[in-house]
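Shown next, in structure tokens, is the structure this report addresses.
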Amino acid sequence: MFSIEDHIFLIITTAEFIIGMFVNGYIGLVICVDWIKKKKISTIDYILTSFSLSRIGLLCIMTVNGTILAFYPGVYENEKIKVVLNIFWTFTNYLSMWFATCLNVFYLFKIANFSHRLFFWLKWRIERVVHWSLLGSLAISVLISLIQATLTNSDYDFLKTARHKRNVTELFHVSKIQYFDPLTLFNLLAIIPFTVSLISFFFLITSLWRHSKQMKSSVTGSRNSSTEAHVEAMKTVTSFLFFLFVYYLACLLATFSYLMKESRLAMMSGEIIAILYPLGHSLLLIVGNSKLRLTSVRMLRYGKTACMM
């Protein structure tokens with residue numbers, strides 16, 4: 001029998017999964033329809049399509065993983081299932097992060113203005129840089145997934161031993177001597193895309209500050225539009241940094257929930273919060289992208305008109 005907490009967890013995660021799939025599927029569908037109509041795809045649309053596909057994969061594996069951890073933890077005793085789930089989670093997780101980072105870097109080079117030669121060289125070759133960055137992100141994600149597959153055994157041994165310890169002092173004694181958890185350290189590689197996005201954010205702030213100083217002498221429409229572009233780009237980067245930070249805090253809560261008195265409730269809370277990352281960030285991207293936003297408004301108007309008829 002499922003408890004009240006179990007039913008709440010199922011309802012919330014199911015709702016998050018459905019909304020997340022709809023939001024990310026909407027991004028991919030709108031861009032693909034526009035691609036078919038125009039018979040060409042822009043760089044930003046190319047990034048967003050890759051991004052939405054990676055988020056759909058991440059949503060699927062996170063929902064499956066959360067359900068197993070909450071209701072069928074014994075499944076992870078099967079070595080093959082454990083390895084497959086870990087590989088898919090790592091692959092979609094890192095792929096999603098790197099694609100989002102590519103989007104942030106694209107906004108930086110497309111909107112910011114700096115006089116440095118290297119910046120100009122990259123700015124004029126941004127399309128080629130983006131294509132190679134996406135391929136590089138795919139290669140890095142595959143490599144990290146394969147490496148993590150070899151670390152799964154030690155991680156599971158650590159967690160299995162931890163659950164049999166009665167107190168925290170004994171647990172940390174065992175973890176330090178016998179079962180150092182390499183996956184915890186390995187997942188710190190997420191700092192790299194986080195740092196790249198953070199650097200992009202600071203460069204955008206610097207570019208906006210310099211642009212604002214130039215506007216004091218003369219105010220034109222183009223400069224106002226440039227300011228708006230800077231602000232929108234900064235909102236996009238900030239939303240990614242915020243959701244990624246919350247996502248990893250939630251993952252840490254779920255991973256180390258066995259240290260808490262209400263371990264199962266802590267694990268469920270961590271899973272629920274973590275799924276907000278591929279859902280919330282994608283939703284804000286729709287709001288910040290004029291094509292996606294206007295298409296959604298037209299769809300809502302059409303749906304409202306159809307309901308009234």
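Backbone N, Cα and C atoms are what each Cβ position is placed from, and that goes for glycine too.
Automatic, uncurated: that is what TrEMBL annotation is.
Note that the structure is predicted; figures quoted are calculated from it, not measured.
Taken from TrEMBL, the feature transmembrane segment covers 17-36, 56-75, 87-109, 129-151, 185-209, 240-260, 272-292.
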In contact by Cβ distance (the transmembrane segment (185-209), the transmembrane segment (272-292); 3 or more pairs under 8 Å)
no
Taking residues 6+ outside the transmembrane segment (87-109), which of them lie with a CB under 8 Å of any CB in it?
43-44, 47-48, 50-51, 54-55, 57-58, 60-62, 65, 119, 122-123, 126, 129-130, 133-134, 136-138, 140-142, 144-146, 148-149, 189-190, 193-194, 196-197, 200-201, 203-204, 233, 236-237, 240, 244, 278, 281
Spatial neighbours of the transmembrane segment (17-36) not adjacent in sequence (6+ beyond its ends, CB under 8 Å) are 45, 48-49, 51-53, 55-56, 59-60, 63, 275, 278-279, 282-283, 285-286, 291-292, 295-296
